[in-house]
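Enquirer: According to Swiss-Prot, the feature heme binding site maps to D46, an assignment based on sequence analysis. Swiss-Prot lists 86-207 with the feature compositional bias 'Low complexity'. Here Swiss-Prot flags C27-C66, C31-C61, C41-C49, C51-C82 as disulfide bond. The annotation GPI-anchor amidated glycine is assigned in Swiss-Prot to G215. Swiss-Prot lists 86-208 with the feature region 'Disordered'. Annotated signal peptide per Swiss-Prot: 1-22, in sequence order, evidence recorded as sequence analysis.
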Amino acid sequence: MASFLKISTLIAIVSTLQTTLAAPPACLLACVAKVEKGSKCSGLNDLSCICTTKNSDVEKCLKEICPNGDADTAISAFKSSCSGYSSQSSSSESESESASSEESSASASASASSSAGKSSNVEASTTKESSSAKASSSAAGSSEAVSSATETASTEESSSAAASASASASATKESSSEAASSTSSTLKESKTSTTAAASSSESTTATGVLTQSEGSAAKVGLGALVGLVGAVLL
């Protein structure tokens, strides 16, 4: 169906060109058919579509494939065939431009409204952020104060602990000194007792030796006396 419409449209274009120009160049027909085939123009408005949207493509094709003498003739024939559609194209373009300007105005209004809304949102967000920042700074100040108080208390506790440790060390040194002194005194007394005991033992031993010597001498004297008496009696 689409191919039939294109063929019928091409026939209509050829007949239009023939009424405009008695004998249109063959290259003109070839270029119109080529451009119409590669474009989106279809239906009964093919010639209008080609004249308004593809006229530059047709002229370029004519300059490329038409002989030198036929190119200008073909371009003139194409322009004369599209003369009625060019005025329609101008009115369509003006309508499109007015519609575009209206759309631009509407877009500008919408953009302005959107910008105003965004500005309000930004201001509200900025206010909230300021409040949040103040609350955060207050909380940070409170936290710093608590931290400072905690550090002070920790420092005081550390000082007290250090003082207690120093006192304990002093007490330990004094106890060690007293224990050393007591041990030294005990050792001295023990040495003195040992010396006295040794002296007493030596004295006792000497006395025993002297007593034993004296007993032996008495026994010897008594024996001599008994012998002397026995000799006298004999």
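Glycine is no exception: its Cβ is also placed from the backbone N, Cα and C atoms.
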Enquirer: Near C66 (disulfide bond), which of the disulfide-bonded residues C31, C41, C49, C51 can be found within 10 Å, Cα to Cα?
Expert: C31
Enquirer: Taking each of C41, D46, C49, C51, C61, C82 in turn, which of these recorded positions have a Cα lying within 10 angstroms of the Cα of C27 (disulfide bond)?
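Expert: Within 10 Å of C27 (disulfide bond): C61.
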Enquirer: Select the closest residue to C49 (disulfide bond) from the following disulfide-bonded residues, measuring between CA atoms: C31, C61, C82.
Expert: C82
Enquirer: Report the member of C49, C51 (the disulfide-bonded residues) whose C-beta atom has the most other C-beta atoms within 10 angstroms.
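Expert: Comparing the disulfide-bonded residues C49, C51, the most crowded Cβ belongs to C51.
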Enquirer: Once the DSSP letters are reduced so that anything not helix or strand counts as coil, what is D46 (heme binding site)?
Expert: helix
Enquirer: How many Å lie between the Cα of C31 (disulfide bond) and the Cα of D46 (heme binding site)?
Expert: 14
Enquirer: C-alpha of C61 (disulfide bond) to C-alpha of C41 (disulfide bond): distance in Å?
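Expert: Between the Cα atoms of C61 (disulfide bond) and C41 (disulfide bond), the distance comes to 17 Å.
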